[in-house]
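Participant: Before we start, here is the structure in question, set down as C-alpha cells.
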Amino acid sequence: MTTDTIVAQATAPGRGGVGIIRVSGKLASDVAHTLLGHLPKPRYADFCDFKAADGSVIDQGIALFFKGPNSFTGEDVLELQGHGGQVVMDMLIRAVLKVKGVRIARPGEFSEQAFMNDKLDLTQAEAIADLIDATSEQAAKSALHSLQGEFSTQVHTLVDKITNLRLYVEAAIDFPDEEVDFLSDGKIAAALYAIIDQLDEVQASAKQGSIIREGMKVVIAGRPNAGKSSLLNALAGKESAIVTDIAGTTRDVLREHIHLDGMPLHIIDTAGLRDTTDEVERIGIERAWSEIASADRVLFMVDGTDTAAVDPHEIWPDFIDRLPKAMGVTVVRNKADLTGEPLEATEEQGYSVYRISAKTGLGVDALKQHLKSLMGYQSNLEGGFIARRRHLEALEQASEHLQLGKVQLEVYLAGELLAEELRMAQQALSEITGEFTSDDLLGKIFSSFCIGK
C-alpha cells in the first residue's frame, strides 16, 4: 500500500461554479499550512484565502480538513473548494505540488486508498464509478444500494454460512470413526442445499443488476419477411434497416443501441432464418445464430398472416429446440393491422406473447414496457443492486463448486473433497468483495475510475 500524499481535482474539468481539489496522505496538514497558513479545525468549514508559495492569493473559498482515519480514504484529507475555472484549479494543483512529497493521483487512487484502509470493500468502491457513470435513475439507485453495502452484505452472509459449514465438515473429518454417520445424518446436506438456494437468489439479482448497468442484448429472430427489420426501426425510432417485401432483404446483422427511460438496450436485427443456397445469405444466417446464442432475450418474430398459433413449439419447433436451454423468448405476432387480432399481451405455455403491427407502430409501446420490465425497471426504484460481469463470473464459479460439493456429499460421502469445494466456493465469493483478490485485478478496476475519485 502506498504511503504517498496525492492530489487531484475531484470535480469535472472545465468551467463550473465550484471546483474542488482533494489532497490525501500524511502531508495533507503540510499542504494546509503552506496554502492556508493554518490547519482548519477537523470537519469544520473554513472560509479563507488559498495562497501560492510567494504569498499571492490564487483564490478564496472553503477549506475542509478530515483527520484520518475519519475520512473517505482513511488518511488525512484536505479539500479546497474554490471557483470552478480550470485555470484556477490548475494553479491550485501546482501550488500543492510544490510541497515536497506530494504527487498527482492516479485514476481511482483515492477510492483505492479507501479500499486498502478498509473504508470500502471492492464492490462498494466499484459502485462509486457505477454511480458516476449511471445512465438512468434506476442504475443510479442500484449503484447507491451497492455503495451502501447491499450486495456486499449478501455476499458476506453466504461466505459466513459456507465457512461455518466447512468448519462443521472438517470437524467430522477429525473423527474418522464417526465421519460417515456425521456426513449422512442430513444436517450437512440441509445446510448445503440452503446455501445453494440462497446463492441462486443472489445470482438472479446480480444478473438483473448487470443488465441495469450494461444493458440487455435483444435479438430479433424469425423467418424471412416476418417484419424483423420493421420492428427494429419501430423500436429505434428511425429507419435503421431497409424494409421491402422481398424475403431475405436483411443479409447481415444490424445493431441499434437505444435507451428506454434511460435504461440501455442493445437491439440486434438478424437475417431471416431458412435453408438457402445463396452464399452471402447463408453467412448472414450463421451470424444470426451466433448472435442468438449470446442474447439475453430473443424476440421471436412471427408473421400473423401465416399462422394463428401462439405456442412457439407449434409455430416452429425446430427453431425453439435449437435455442439455448435457458434462453428467454418473447413471441411477437406481427401484422395485427392485417389479421385484426386484439393488441393484447398474454402468457402461453410459459411464453409472453405480444400482438403488434411493426409497420403502423400499434402495440410497440406495450412491447417496450415489456422489455423495460425484463431489464429490471421499477417505477418506485426500490431494491436491487448494481453488478458487473466479474461478479457474475465469481458467483457462477461459487455455484459450480457448491454443486460439485453436493456430488461429493451425496454420492461419495467424501468429507475432505466436500470441504475443499466449500473452500473454493468461499474463495470465489471473497473475490467479489476484495478479501481475496490479485493486485492485477485491483489495478484493472481502479484504473477505470476518474482521476480524483
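Glycine residues also receive a Cβ, built from the backbone N, Cα and C atoms like all the rest.
Per Swiss-Prot, (6S)-5-formyl-5,6,7,8-tetrahydrofolate binding site is recorded for Arg22, Glu79, Lys119, Lys453, and the stated evidence type is sequence analysis. The K(+) binding site annotation in Swiss-Prot covers Asn225, Thr244, Ile246, Thr249. Taken from Swiss-Prot, the feature GTP binding site applies to 225-230, 244-250, 269-272, 334-337, supported by sequence analysis. For Ser229, Thr250, the entry in Swiss-Prot reads Mg(2+) binding site, with the evidence type sequence analysis. What Swiss-Prot records for 215-376 is domain 'TrmE-type G'.
Can you walk me through where each of these features ends up in the structure?
Facilitator: Within the same chain, the residues at least 6 positions away from Lys119 ((6S)-5-formyl-5,6,7,8-tetrahydrofolate binding site) whose Cβ sits under 8 Å from its Cβ are Pro69, Phe72, Thr73, Gly74, listed in sequence order.
A simple way to gauge crowding: the CB of Asn225 (K(+) binding site) has 20 other CB atoms within 10 angstroms, across all the protein chains here.
Around the Cβ of Ser229 (Mg(2+) binding site), a 10 Å sphere holds 24 further Cβ atoms from the protein chains shown.
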Participant: Measuring Cα to Cα, how far is Lys228 (GTP binding site) from Lys453 ((6S)-5-formyl-5,6,7,8-tetrahydrofolate binding site) in Å?
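Facilitator: So the Cα of Lys453 ((6S)-5-formyl-5,6,7,8-tetrahydrofolate binding site) lies 44 Å away from that of Lys228 (GTP binding site).
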Participant: Would you list, in sequence order, the residues of this chain other than Arg22, Glu79, Lys119, Lys453 that have their CB within 8 A of the centroid of the site's CB atoms, where the site is the one recorded for (6S)-5-formyl-5,6,7,8-tetrahydrofolate?
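Facilitator: So the additional residues around the site are Ala10, Ser24, Ser71, Phe72, Thr73, Val77, Phe110, Ser111, Ala114, Gly452.
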Participant: In Å, rounded, how far does the Cα of Ala271 (GTP binding site) sit from the Cα of Ser229 (Mg(2+) binding site)?
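Facilitator: Checking the Cα atoms of Ala271 (GTP binding site) and Ser229 (Mg(2+) binding site) gives a distance of 9 Å.
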Participant: Per the record, (6S)-5-formyl-5,6,7,8-tetrahydrofolate is bound by Arg22, Glu79, Lys119, Lys453: how many Å separate the farthest pair of Cα atoms?
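Facilitator: The (6S)-5-formyl-5,6,7,8-tetrahydrofolate-binding residues span at most 18 Å between Cα atoms.
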Participant: Mean pLDDT for the domain 'TrmE-type G' (215-376), as a whole number?
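Facilitator: Across the residues of the domain 'TrmE-type G' (215-376) the model's pLDDT averages 88 on the 0 to 100 scale.
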Participant: Please report the DSSP secondary structure of Asn225 (K(+) binding site), reduced to three states.
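Facilitator: DSSP call for Asn225 (K(+) binding site): coil, neither helix nor strand.
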Participant: Can you tell which of the binding-site residues Asn225, Ser229, Lys335 lies nearest to Arg22 ((6S)-5-formyl-5,6,7,8-tetrahydrofolate binding site) in space, using Cα positions?
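Facilitator: Comparing Cα positions, the closest of these binding-site residues turns out to be Ser229.
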